[in-house]
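A.B. asks: This is the structure I want to talk about, given as structure tokens.
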Amino acid sequence: GAGKPPMYGDYEAQRHWQEITYNLPIRQWYFNSSDNNLQYWGLDYPPLTAYHSFVCAYIAKLINPDWVALHTSRGYESQPHKLFMRTTVFVADLLVYIPAVILYCFSLKETSAKKKASTCALCILLYPGLILIDHGHFQYPLSLGLALWAVLCLSHDWDLLGSMAFCLALNYKQMELYHSLPFFCYLLGKCFKKGLKGKGLVLLAKLAGTVLVSFAACWLPFGTDVEQIMQVLRRLFPIDRGLFEACMFSSPTHCPDKVANIWCSLSVLIKIKNVISPRTQLKLSFAVTFLSLLPACIKLTVQPSLRGFKFALVSCALSFFLFSFQVHEKSILLVSVPVCLIINEIPFMATWFLLVSTFSLLPLLLKDGLLLPYAATAPAFLAVCLASFSILEKTSAEDLQLKAFSLSLKGYTSWFKSFPRIVRSLFLLSLSLMGVLSVLSAAVPPPQSLPDLFPLAVAVVSCLHFLLFLVYFNVVILWDSKNRGQKKIS
């Protein structure tokens, strides 16, 4: 959206939030007024995002007051300001996201050797989707970084610190709800294991207190007025917009259904928004999302383990992406980052998923003029994973964590002998299909009668991949042995 009024793009959204938070009192940040037109990139993220915007604005004001001047700074895109904005993203990376990745990789038992830990960290940090969105489309990695810190804390049994870190992540972006149920179920399962009449009850009380204090601290400036709280919540969850409102391609002449989830893909055949009322859409998406993530959550609560927790983060986030209400293309990053956490355990499937997730962002990346970075980073990521993990050699049922599942199938022996070859063939076919669609999307004009042909093809192909991945991750979770990779909970 650079240089394209009236909205300009996500870069302008971040700049405008700095303008609003610096120049207006807190009580006006989320309310429509002559100084804060909510139709023009109004704040729609939780308080921590607003506080972060204020800090950035304070620094910007010291450098050049024109960058955050009320009203007159709209659409400001000078080179010095771009350098400043990009620097704020790098600083967020360096302070929050990158340290969490490095410490996580060096804490893994499976990658205790420094060389293996460094390789794992390199692959995660080179994931193209996050690079292209954070530094191209423009957003901050703070919510994902805080969620990583939460996972890191839980892996060391620092449950209270982990809970606080996740509360901060949730109060930075409400989309962290994608990860909320695995955190809740894992910690609740630990309390059950310790016994709710003893240590478990004490832990549960401490966790509840930590969550309440963390939320109270974040919402304190808004807590004196119920209407303030309700207005913030209305901005965070605008359910009246409908099932597809969050899609970036919405326009009067173009079909808005471009996100690679089940609703947008089904709308190619059935125009759901014309058949079902918005309220019914909300209920339907809630029901399907809840049912799809229920098995993993039950398993995690009954048999809490760190390994199960990480796989549940992937499965539940993917369920939210595929079936929930108002999904954005960028929300796939909420699935991809947990997949990065298990790249050392299932390098083949993790690499495959991360490539598909990047491919699913292609229409958005083309819209942002990021074709060249996409064409450079995706093959580079694949090359690094091939060199680091030898992924094509790790396609057996055991390598893919499917040994227990295969043993439960009658007559599995003959079929699973050819399993690695089948999986490799599907992977190469998938790469070829994504490559062809990428070239067609970038170089071939679509038919005039079907202007959205290629974006829809990308969405549907990606959605089919994600559905298969959802089945795969749930199979791994449900057939996992009870205590595999689990620390003793006492």
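Backbone N, Cα and C define each Cβ position, glycine as well.
The following feature annotations were taken from TrEMBL:
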type	residues	note
TRANSMEM	83-106	transmembrane segment
TRANSMEM	118-140	transmembrane segment
TRANSMEM	146-170	transmembrane segment
TRANSMEM	200-222	transmembrane segment
TRANSMEM	308-325	transmembrane segment
TRANSMEM	332-359	transmembrane segment
TRANSMEM	371-392	transmembrane segment
TRANSMEM	426-444	transmembrane segment
TRANSMEM	456-479	transmembrane segment
A.B. asks: Can you say which of 83-106, 118-140, 146-170, 426-444 has the most Cβ pairs under 8 Å with the transmembrane segment (371-392)?
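C.D. replies: The stretch with the most contacts is 118-140.
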A.B. asks: The transmembrane segment (146-170) vs the transmembrane segment (426-444): three or more C-beta pairs under 8 Å (separation of 6 or more)?
C.D. replies: no
A.B. asks: Where else in the chain does the transmembrane segment (118-140) make close Cβ contacts, counting only residues six or more beyond its ends and a cut-off under 8 Å?
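C.D. replies: Distant contacts of the transmembrane segment (118-140): 9-11, 14, 52, 85-86, 88-89, 92-93, 98, 101-102, 105-106, 108, 111, 330, 332-333, 336-337, 340-341, 343-344, 354, 357-358, 361, 364-365, 368, 370, 373-374, 377-378, 380-381, 384-385, 388-389.
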A.B. asks: Which bits of the chain, at least 6 residues beyond where the transmembrane segment (83-106) starts or stops, bring a Cβ under 8 A of a Cβ in it?
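C.D. replies: Long-range Cβ neighbours of the transmembrane segment (83-106): 11, 14-15, 56, 59-60, 63, 67, 114, 117-118, 120-121, 124-125, 134-135, 138-142, 144-146, 148-149, 151-152, 155, 340-341, 344.
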